[in-house]
């Protein structure tokens, strides 16, 4: 006959948490399922309500079939069954069932049953606006709490009420077996929960919209502000951590090791500071000798000197560690920026044309600076704080009693849980603020880069208004971020205050009962304040880490951008011989379904010049870009001296090609350095020789600063003709064997064009040349003219031959000739305007006195 005993064994009290050098089984097996059920039911109910309102049923084809998910189900069911089996065995095997056993069995069944329901809910439904993958915060924290609770059993290692010391009886063996089952199951559930095998590998919103992508930029059209910052946490962390260890730099590696050692020493000092404070107080109250007291005080002051202002943030060790870390931090910053800058230059022209430079630079700036912050917060703030918390729990549990360890444990759990929940909720506001900030900065940069256009249309007020709108939107998002931050800080302060109050009252009570000494109260107060000081910053650390991850998201996206045009593994260099160019049945399209070039075939013999003419959009400039390998062809081949350019290294191909584009963009540097960019190792004499060959040497000398004249942003201080001549001089200095002229004179007046043509003739002499021309008069002497229309070559031949055919070329020639007279006057006026940019200094006559 089963007999129902008292609630606790031996008529004990549940309030007696510490019993016989360990946790009371009655207290432990009541507390753990109560906390788990409360957590899973309260927060799980909120999650269920959220899913009921905002979720949609996932299509079966998107739900992964995983054995690991089945293992999650099995482990949860095992935990439910072990609670029932343990209760049944207790009733059948011992004939006595205590109240706490019934409570433990019932609450555990309900808690794990509810977690099983949440697991099924997250597998079959998805939030409409959710872009994160993986399990929700509720399940992850539930499994973490369950596993942490099983680890609390180790505190009772020396207690005879548990199975650690002796497992001679059957009940002890059964209880130990049930604990092993719970420990293994909760451990695997926690690990599997991080992997989330039952959830899609991609966010559901991405799966159902995979076809709705911007082809040009390869970016998802839908961008959700609610995406979890911790999505891809492992990948991000591994990418960041590789910069903390300076490879091939032994001195910096030693600095990293020393910094880690100092950080460990700080943790030990944090324990001894309160202990010596207790010894001083006990020595003063117990009339210790002066010698002992003086030594104790000296040791205490030395420890405080090493530790610093209560939290190890301004002490000798901390300052020494910070000083040694400077070089490591500089190494990290340099490596990230150089690697990212090189990666950006390796991306295709298509990618750069699809991005705003201001936004890219803003993302790079914030991303690189956030990496150092992230490393500092994780290595020197988060890890030490967690270590201090664990050490504090173990110390107070072993040196005081379990109540103090329990108070700290509960406060830490509540603090971390609420911090994570509220901060995750705030993420969307932070991300929105970053987006608005990018938009505002990009709008300002775009407006300033188009300064002349703004002036042409008297649009200053319009631009200021647009910028004001951007700032207003940014400040709305900023207010949400700061308001939610204030709420988080209040929540954290409340939890810390309640924990400090509970511990202080309990310690004071034991002092009045003569169970503790006054020094013990001082030790507790000193230690707990010392512990809570970094804990008070824990929320800030979490927010800053999250903020750093948010700031790095765009930078990681840049790192993840694949090179559209990249060299094959072990690709050889181009073996240049004479400069023969062959296009064989070339097809190309920027977007799928719309071919720009169709079956293009032609050959340029060494030293010959070929002209590409035709209406806008016919594919002339595309041929230039394909030959320079800004893009790879979709079909056919392009050969230089019989070698397919897609199989050779880009660097070797481009070293033999010189380009003079239609819109020459100069660096904001001196004219000398802009010309020298054609060959950075060139001497000043070689630069001036190239300028003379481009017929701009005398013009440069007429400027006040000569070759040291600044060209301004994008070369805006120079006229169009001057910029083109600088570009020609740059190409002459490069001395390429192949010349590509992409409508190099189309934006110039007739007289300037004639002068430029003379300079171009010098550049192209005895070189293979391809010219894209709008004005047919500039290509009449070409060895061959190709007429393109709608991506196809419709005519080819010399100037006279094409005129005799009376086809497309003849029509274009006739049209341009008939309009040449009417445009001559406007050309002269344009010349006058374009030569006004930089004028040589005029002598200023002196006035007489």
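Every residue, even glycine, has its Cβ placed from backbone N, Cα and C.
Here's what Swiss-Prot has on this protein:
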| type | residues | note |
| --- | --- | --- |
| TOPO_DOM | 1-25 | topological domain 'Lumenal' |
| REGION | 1-195 | region 'Required for the lysosomal targeting' |
| DISULFID | 8-26 | disulfide bond |
| TOPO_DOM | 47-72 | topological domain 'Cytoplasmic' |
| TOPO_DOM | 94-98 | topological domain 'Lumenal' |
| TOPO_DOM | 120-136 | topological domain 'Cytoplasmic' |
| TOPO_DOM | 158-173 | topological domain 'Lumenal' |
| TOPO_DOM | 195-254 | topological domain 'Cytoplasmic' |
| TOPO_DOM | 276-291 | topological domain 'Lumenal' |
| TOPO_DOM | 313-373 | topological domain 'Cytoplasmic' |
| TOPO_DOM | 395-401 | topological domain 'Lumenal' |
| TOPO_DOM | 423-492 | topological domain 'Cytoplasmic' |
| TOPO_DOM | 514-520 | topological domain 'Lumenal' |
| TOPO_DOM | 542-849 | topological domain 'Cytoplasmic' |
| COMPBIAS | 814-825 | compositional bias 'Low complexity' |
| REGION | 814-849 | region 'Disordered' |
| COMPBIAS | 827-836 | compositional bias 'Basic and acidic residues' |
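Classification of residue 8 (disulfide bond) by DSSP places it in coil, neither helical nor stranded.
When the disulfide-bonded residues 8, 26 are scored by other C-beta atoms within 10 Å, 26 scores highest. Look at residue 26 (disulfide bond): DSSP puts it in a helix.
Within the chain, the topological domain 'Lumenal' (395-401) has long-range Cβ neighbours (under 8 A, six or more residues past its boundaries) at 17-18, 155, 271, 408, 507, 516, 520, 524, 527.
Mean pLDDT, taken over the topological domain 'Lumenal' (94-98), works out to 75 on the 0 to 100 scale.
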